[in-house]
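What TrEMBL records for A:11-86 is domain 'Nuclear receptor'. What TrEMBL lists as domain 'NR LBD' is A:220-457. The phospholipid derivative binding site annotation in TrEMBL covers A:339, A:340, A:341, A:342, A:434, A:438.
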DNA sequence: ATAGCCTTGAAA
DNA sequence: TTTCAAGGCTAT
């Protein structure tokens, strides 16, 4: 099995059953059969029941099996009850026309953007081939979590209680549409999307066409991203381990303060878990240990900085710094007695957090970023360089694909993300400089990871 | 009941 | 005029 880039393939797949689409039907691109099914169901006020647990898989071969779940899925992916005409008038156009047009334009723009990044829909088959061990198997990935939604398929309850989609149009010739409860809109994927991205520009068009199927929780994630998310360490677990370790060390070492030494030891512990994360991660763990070390020597500080930044993004408030340990450090208090190096470090750090926040960088993007950083080697001498570069390319794609799908209105977000990355690199250089400086590592034992990494870096330069 | 193909007809 | 998403028809 090979990973296929799902962008174009899924574009003409029905979001309900995966069959080939025949055009826009009731709000989105679907196949002919689901169009018919939806029409019959709404027109005849059908109500179905599910003999299983209301989470049946709907695909081309099984779609006939459970009409209840099929209709649920129709609603979930965003098919519009309002588009079925109550008076059965034929022909003509409805209000969705401009929406379809807009959606088409958006799709085209997106493809253009993809091409401008040199990513074709066709996929080179053997791009991913891990060097020694068995290739990673993507077939086991199942991202279709089954939402427990409460949409009723009983149209009687929805039909007469709501408003008319067309109530402001008095013209008698125009078709009369079914009255639909606003409740229906609440369950549309568009509503779900609003949580993570701006989709105000395309009312009623779910992002299902971006990259295929659409779960109620959000867009389908690129397979790679799903895999990356699995590699994440549990933040709380890491936190408690680090706290434990720090307490232990401070018990031994005497001073229990929260000064530079404490920071140094904490950063050292963070690095330990960054290494642990990397060692357990897809692709990375396939590499020889010597290559692993080269990559980590190259990027540990960027990973460290990204970790700090993303934490501020999650829990942080302006004017304070949240550490892995959960402690909150008041920034003015930290900065006022500090040297110039720490001052600029804090300032630029704040700037970076701010630009991440403005960009609405989400967790998925951060996770992709970590891999982008991990595999971003311009160092030669990595033995399996082609593998590393292929992975890098894959991550690049996954991030681009995700960003385009999750934030379809925000077409240059990906480019801006990359700009942020270069800011992050600059910040990381500064951070490294600071960690080397006598400000912080003056009275710390030498046999630790941070020291070793700093040391190795200096030798390679 | 399903799903492929056909007919319609206002908007573009 | 052409488009193309509505509804309709009908073998399976």
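Sequential numbering from 1, following the chain as shown.
Positions of Cβ are set from backbone N, Cα and C atoms, glycine also.
Secondary structure of the domain 'Nuclear receptor' (A:11-86) per DSSP (helix as H, G, I; strand as E, B; remaining residues coil): 28 helix, 9 strand, 39 coil.
The binding-site residues in question are A:341, A:342, and the one with the fewest Cβ neighbours inside 10 Å is A:341. Put plainly, the binding-site residues A:339, A:340 were compared by Cβ crowding within 10 Å, and the winner is A:339.
When pLDDT is averaged over the domain 'Nuclear receptor' (A:11-86), the result is 93. Mapped onto three states, the DSSP output places residue A:434 (phospholipid derivative binding site) in helix. Under the three-state DSSP scheme, residue A:340 (phospholipid derivative binding site) falls in the helix class.
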